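Taken from TrEMBL, the feature transmembrane segment applies to 14-34, 54-74, 81-99, 143-168. Look at TrEMBL and you will find 197-276 tagged as region 'Disordered'. Annotation source TrEMBL lists compositional bias 'Polar residues' at 229-243.
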Amino acid sequence: MGAKSGVALKSLQWFFRGIEFLAAVLILAVYSYFLATLDNHGLNITKTHRAVEGISGAGALYTLIGLILLCCLAGIAFFSFLAIVLDIAFAGAFIYVAWANRSGAGSCNGYLDTPFGRGQGSSTASGDDGFTPLPSFRTACRLQTACLAVAIISTVFFLISALLEVALVRHHRKAKRYGPGPGNDYTSGYGRKPGFFGRFRRNKRRGDAESESALPAHTTPAQLDGRQSYATDNTAHGSNENPYGSAHNAKYETGYGYPQQAANGYQYGDGTYSRT
């Protein structure tokens, strides 16, 4: 799932960059023709026309670099942040391009205002002799209409590209954080995000794993000191208990100073035992 979504995002961004590149190249070609013809015939070239030429040329170069580097730098935070800033800047720049070609928003009939001057649609601007043919005012107006349309399209696509860069960064960070694992059959990308009850199942599995891997309980020193043993001197006993056991199995010591226990059924003084 992660790999497929990454390829889909890159393909969509590549498509948008391609449209932006073609739009910038179209405006660049039209205004290159305008500037070359105006200069060849000694007509006035305004700063607006030069600005449109520069913006379209920079836009074509930027989108071409974006197309080339999209496969290897998409989603990296620094480059994506730079692309977002440039996308927003070019969106504003192409709004200016659309404003500069606002004369092409009409029907291109009647009295027209074009980069070659003003006049009726069927007439041609006059100028010095040059090798570049001068267009009619109607033709110049229609070229401006085309520039206006692609400038609006470029503005929208640059804004969408900025949003796609954010999505690419989020996808890249997810892929780096999770990577291949059992959630995605150990392929590239990341596994499916668990639902609300997934966290409880995950905690239960973690508790079961910890209980299975836990070691058995060991005897503590306190238990060693109080163990029941009848073969050593560490026999557990209480403060009020006979240290030598109960009265039935009391242990008597023999030797000097200790009375000797008579066998069962016999007493001292009955002729069997005699005290010495």
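Glycine residues also receive a Cβ, built from the backbone N, Cα and C atoms like all the rest.
Any TrEMBL annotation is an automated prediction that lacks curation.
For the transmembrane segment (54-74), the residues of the chain that approach it from at least six positions outside its boundaries are 9-10, 13-14, 17-18, 20-21, 23-25, 27-28, 31, 80, 83, 86, 90, 93-94, 96-97, 154, 168, 172, judged by C-beta separation under 8 angstroms. Remote same-chain partners of the transmembrane segment (81-99), defined as residues 6 or more beyond its termini with a Cβ less than 8 Å from a stretch Cβ, comprise 20, 27, 51-52, 55-56, 58-59, 62, 66, 147-148, 151-152, 154-155, 158-159, 161-162, 165-166.
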